[in-house]
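Trainee: The structure under discussion is supplied below as structure tokens; questions concerning it will follow.
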Amino acid sequence: MKMASTRCKLARYLEDLEDVDLKKFKMHLEDYPPQKGCISLPRGQTEKADHVDLATLMIDFNGEEKAWAMAVWIFAAINRRDLYEKAKRDEPKWGSDNARVSNPTVICQEDSIEEEWMGLLEYLSRISICKKKKDYCKKYRKYVRSRFQCIEDRNARLGESVSLNKRYTRLRLIKEHRSQQEREHELLAIGKTKTWESPVSPIKMELLFDPDDEHSEPVHTVVFQGAAGIGKTILARKIMLDWASGTLYQDRFDYLFYIHCREVSLVTQRSLGDLIMSCCPDPNPPIRKIVSKPSRILFLMDGFDELQGAFDEHIGPLCTDWQKAERGDILLSSLIRKKLLPEASLLITTRPVALEKLQHLLDHPRHVEILGFSEAKRKEYFFKYFSDEAQARAAFSLIQENEVLFTMCFIPLVCWIVCTGLKQQMESGKSLAQTSKTTTAVYTFFLSSLLQPRGGSQEHRLCAHLWGLCSLAADGIWNQKILFEESDLRNHGLQKADVSAFLRMNLFQKEVDCEKFYSFIHMTFQEFFAAMYYLLEEEKEGRTNVPGSCLKLPSRDVTVLLENYGKFEKGYLIFVVRFLFGLVNQERTCYLEKKLSCKISQQIRLELLKWIEVKAKAKKLQIQPSQLELFYCLYEMQEEDFVQRAMDYFPKIEINLSTRMDHVVSSFCIENCHRVESLSLGFLHNMPKEEEEEEKEGRHLDMVQCVLPGSHAACSHRLVNSHLTSSFCRGLFSVLSTSQSLTELDLSDNSLGDPGMRVLCETLQHPDCNIRRLWLGRCGLSHECCFDISLVLSSNQKLVELDLSDNALGDFGIRLLCVGLKHLLCNLKKLWLVSCCLTSACCQDLASVLSTSRSLTRLYVGENALGDAGVAILCEKAKNPQCNLQKLGLVNSGLTSACCSALSSVLSTNQNLTHLYLRGNTLGDKGIKLLCEGLLHPDCKLQVLELDNCNLTSHCCWDLSTLLTSSQSLRKLSLGNNDLGDLGVMMFCEVLKQQSCLLQNLGLSEMYFNYETKSALETLQEEKPELTIVFEPSW
């Protein structure tokens, strides 16, 4: 009965609700706060329910007591105080067995109804504020989705755009933080830096702000660095869209604000509140509520490198108040330095040229480098760009055949330009084969297709417009200016009508949020036109300013540009100079003159060649990365005669290669270098995990990273790679058979591998190959290439020096190698086999070489587990009178005193042996005693003996002292890292004073000697100045 009574009572209350209030009541039933311990009712069941059905549903879902409490709470929520008070007074008496609703605000009997009503209103007010905040979040997300869901298609008609999600192609991101030295240049690799020992780590967008491990703090600042056109802005926009779409950072950020740095720099003063307001859809956003939780805000600052003159070390007081108006640079600096909303997170995009400046402002940032498109993603981009699948397939196949162009397409901007050109040529039936080999060629074709005059007066007007564009670009480059006002355009002879035409032709883009400001479609286009500034012949020669303008134009003297090139090696001039080389190609010059009806000067060619000659003689380009950067300039030119003349100035080439583009460029230049005498090539490579996956899927991996210099990729030298391709090796190594002067080749520290080695060996067997010294340490070789090397040894009589250290050749590989070493035509004199995974099993083969080879004089087999047995085998053959071995290296070979008798017998019989290296073997005092027997033999001619770290004590010093007074040949004795003690050293001091001791160099451990020993050593050096005592650090 009670159940029916409660349901009837509740139904009567609901019956008093008018239709509007009843709808509100049902809405609150659906959104009833779960923390109040009641189950909300599904909309499908309440939508058509009348007051009786609704009361029944409430009781069925929650029981009588909770249903009544829900009704009372909702009466207050819909502002029906009359029903609220009446229901409170009419509340049934619940039995003790019923579970009470633990909500003192709603059903607490101790408080008066008035107090309860006021408390409930306050609670509902808070709920309403939260709801409004959530409502605004939803509104803001909707606005961000609409703003960022489309991107302008630079090929499209005015007003047309494409879907960002449909066009976006995933970019490769790696978690990197490199030093200034590594970021000096995208081609820089000093010495033998082993970047392959530190593989790069890929990172996904959703993990950008996650800690590195469970013990680390969350990341609050992320820096996206990458070259021009690599996709920084498109990636930033994609992050905005994904967040607004609910697929990214939902649990971390309530608001993401996109800040275009160059736009902020144009505004005189504004507050952070103003900046946030400019990002919002309406003029009155709840800014105070937004900034009240800064940890829930992410500021996405795009284009830090585009700030004009900002972030000086002495910028002045920083801003800490979000309501205070400041200059744009101060505002951004305050955010970046965490003075303004320090709990907020930042995501900053920049070109590497500004990275050092930015780094000083940041505290523990996460650096993420954008590597562009992988091969698979390049293919994906083509298929997204071309709506017709057949066209996409044909275009991609064509590009794949052109390795250079295909490599360049890892840069999204270049990929877009190539696709645009291909589409235009497909539509006109032309071929892209010869117009897309270099960056200059691609840009030349693309821009000339847009700037074709229609004849008559339009030709003259086009030339004037082109000159204006070039002078504007050059003036901007020299002043590091990328945004131009209408007054700038007028100063360079460009009118509004001209700009509108260029807008349609996409040479300029009008800034959406910055009226009356213009910029080149991309920095590289500005650099291209700046290069043309030095080549276009004006109608009025010698003009230095525009008529009607007081503007002073940059000097057109190319020598001024080239002189400043070195000073701006991390700046904008590098690519201008590259374009300059590319544009003076004679065929390209004729093409441009025909297409643009403008005259282009050829005088600059001689100046460029003279500049190279001067720099070469001054040795300015012998230091990396300038030498490789020069190769890029020459490659852009694509004229073999010019390149050959330029390369004649560089007999010695030392470069480190990171990208396939590096390979192609260097191969082109080296092939045209006929006077090179020494060639040293290093290869840097790392493979992110995602690239390894692509390799497993059978995709051909490219070494892709920025080929743009300075502002384009000054820091990007640690790049991804698999093994060097055979095609590249053939191209590069072909120079070995054509250059008569090239005698040295250093390929140490690269991933040449067996396939590459096979190609190299084919070249080394060529009769015109003059290589005498070949270094192949750490090249990833195995026993599989040893047969090919053996063929070289048995046929190439010019090769006299070979280093194969740090390659896992193994015993079987040495067996194959020894076949060539024993050949009558083999003239090899020096052989390094250090750390080649050898054991005593290979010693029989090596021993046979020692007894048969007439040329081998130096053999280094240290860092291999040869052991006493292996060395005993070598010694047996080394005693042969026909053995010409002069230097033998057995460092860290696992030797003990057991092999010393065999070594001693070699010393007493082989008068050719002058150097013996035994460091790192536990010979002990007993071993030295045995060794000294051979050393004291009259026929022993040993000059250098290294016994560092051989477990020696003072007990061996008597034998060694005897040796020092008796030996007529020994000049250097190294005893470092042995505990000889004061007694042993004092014994040496006495012996070394004697005139019969001819030793010139003594190596001892750097250890604490007593006062007497120190005095004796000082006295010895004073009395015998010809003796050098070297104190080596103890290990």
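Even glycines carry a Cβ here, placed using N, Cα and C.
Pulled these features from Swiss-Prot for this protein:
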- T169, G226, A227, A228, G229, I230, G231, K232, T233, H522: ATP binding site (BINDING)
- K324: ubiquitin cross-link (CROSSLNK)
- K430: ubiquitin cross-link (CROSSLNK)
- K689: ubiquitin cross-link (CROSSLNK)
- K877: ubiquitin cross-link (CROSSLNK)
- K926: ubiquitin cross-link (CROSSLNK)
- K972: ubiquitin cross-link (CROSSLNK)
- 140-210: domain 'FISNA' (DOMAIN)
- 855-875: repeat 'LRR 5' (REPEAT)
- 884-905: repeat 'LRR 6' (REPEAT)
- 941-962: repeat 'LRR 8' (REPEAT)
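Relative to the rest of the structure, where do these features sit?
Mentor: Annotation note: G231 (ATP binding site) sits in a coil segment as assigned by DSSP. Applying an 8 A CB threshold to same-chain residues 6+ apart, the list for G231 (ATP binding site) reads L171, I370, G372, P412.
DSSP classifies K324 (ubiquitin cross-link) as coil under the three-state reduction. Taking a C-beta cut-off of under 8 angstroms and a sequence separation of 6 or more, K324 (ubiquitin cross-link) has the following same-chain neighbours: S271.
Note on K877 (ubiquitin cross-link): other Cβ atoms within 10 Å of its Cβ, all shown chains, come to 20.
Secondary structure from DSSP puts K926 (ubiquitin cross-link) in a helix.
Around the Cβ of K972 (ubiquitin cross-link), the same chain contributes Q943, V944, L945, L999, Q1000, N1001, L1002, G1003, each under 8 angstroms and 6 or more positions distant in sequence.
The predicted model assigns the domain 'FISNA' (140-210) a mean pLDDT of 65.
Residues 800, 805, 821, 826-844, 846-847, 849, 884-896, 898-899, 902-903, 905-906, 912, 917, 919-920 of the same chain lie 6 or more positions beyond the ends of the repeat 'LRR 5' (855-875) yet place their CB under 8 Å from a CB of it.
Same-chain residues lying 6+ beyond the ends of the repeat 'LRR 6' (884-905) with a Cβ under 8 Å from its Cβ atoms: 834, 850, 853-868, 870-872, 875-876, 878, 912-924, 926-928, 930-935, 946.
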Trainee: Among the binding-site residues A227, T233, whose Cβ has the fewest other Cβ atoms within 10 Å?
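Mentor: Fewest other Cβ atoms within 10 Å, among the binding-site residues A227, T233, is found for T233.
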Trainee: Measuring Cα to Cα, tell me the gap between G229 (ATP binding site) and K926 (ubiquitin cross-link) in whole angstrom.
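Mentor: Approximately 69 Å lies between the Cα of G229 (ATP binding site) and that of K926 (ubiquitin cross-link).
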Trainee: Taking the Cβ of G229 (ATP binding site) as the centre, how many other Cβ atoms fall within a 10 Å radius?
Mentor: 22
Trainee: If you measure A227 (ATP binding site) to K877 (ubiquitin cross-link) at Cα, how many Å is it?
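Mentor: It is 60 Å, counting Cα to Cα.
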Trainee: Among all protein chains shown, how many Cβ atoms are found within 10 Å of the Cβ of T169 (ATP binding site), not counting that one?
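Mentor: If we count other Cβ atoms within 10 Å of T169 (ATP binding site), we arrive at 20.
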Trainee: Just the number: how many Å between the Cα atoms of K926 (ubiquitin cross-link) and K877 (ubiquitin cross-link)?
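Mentor: Their Cα atoms are separated by 24 Å.
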Trainee: Name the secondary structure element type, per DSSP in three states, that contains K877 (ubiquitin cross-link).
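Mentor: The residue in question, K877 (ubiquitin cross-link), is helix (DSSP, three-state).
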Trainee: K926 (ubiquitin cross-link) has how many other Cβ neighbours within 10 Å of its own Cβ?
Mentor: 14
Trainee: Provide, as an integer number of angstrom, the distance between the C-alpha atoms of T233 (ATP binding site) and K877 (ubiquitin cross-link).
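Mentor: Per the Cα atoms, T233 (ATP binding site) and K877 (ubiquitin cross-link) stand 69 Å apart.
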Trainee: Under DSSP, the repeat 'LRR 8' (941-962) has how many residues in helix, strand and coil?
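Mentor: Looking at the repeat 'LRR 8' (941-962) with DSSP, the answer is 9 helix, 3 strand, 10 coil.
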